[in-house]
């Protein structure tokens, strides 16, 4: 059977607390360290190989089982070592957080605190479990040496280390409790600050709401006045439109009347020209029947008439006319020559 001395135990303890870079290999891969052991090696070299094997396997229980089964270390019924449980007081944080009066925010912060406490407790419990496994493995190895004095010495070292670790855990727990109390105090202060800001904002919003309501009422009144003014303006516009239409009708009628008068005047001028155009009886003749025509500015007229000698020195002349405006005209004249 291959055996190890007490110095190997120190190496195993050191390996359990300080894993190296190559840790994490499988047992089969790390077993190459053990297969290199031969009868020509010194005890120190054998211990280094075993320590190397433990380092590469992360000091796993399976690695110790492998060493035991292959008689690198002796087997022993494991002892149990009791460790003081970690005490936490979640009620302190709950009371401080609940004092804020906010049901939703305290619940959120309380869940954060509970999660943090649970994580701390789990981490400490895991660390304690690992320490127990290391202690059991070390106790088995120490018991296998058969050296009562060295076994008691290393047991004292292990107990001292465990006590120191428990004391460190207790300090950590106390510090965590202080931090959690500080956190709950900060949460309460922050909630108080946020509540004050919220009340201030609500008061400001209430004032702005009143001002907005007054502005809306003022705008409603202005809108009603504007609507009335628009209605009055629309009525005036309608009246003005009606008056404009009446004026347009009158102007159109007047324009038509002026146009008719212009045409009749032009036709009358054409009638006068037509009558004046009739020739007169000669001196030696008794009577003459004549006709004439005239036009002026787009209007036309025709005329017929007669002239005769009433005596040696007297001439009579008469004529009638009709124009394009369906008007008739007549004229008569007498002349005396000497």
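Cβ from N, Cα, C; glycine included.
As annotated by TrEMBL, compositional bias 'Low complexity' applies to 77-91.
The compositional bias 'Polar residues' annotation in TrEMBL covers 221-238.
DSSP labels the residues of the domain 'Trimeric autotransporter adhesin YadA-like C-terminal membrane anchor' (279-338) in these numbers: 0 helix, 40 strand, 20 coil. The feature domain 'Trimeric autotransporter adhesin YadA-like C-terminal membrane anchor' is assigned by TrEMBL to 279-338.
Annotated region 'Disordered' per TrEMBL: 74-94 (among others), in sequence order.
As annotated by TrEMBL, region 'Disordered' applies to 213-238 (among others). Helix, strand and coil counts from DSSP across the region 'Disordered' (213-238) read 26 helix, 0 strand, 0 coil.
Annotation source TrEMBL lists signal peptide at 1-23.
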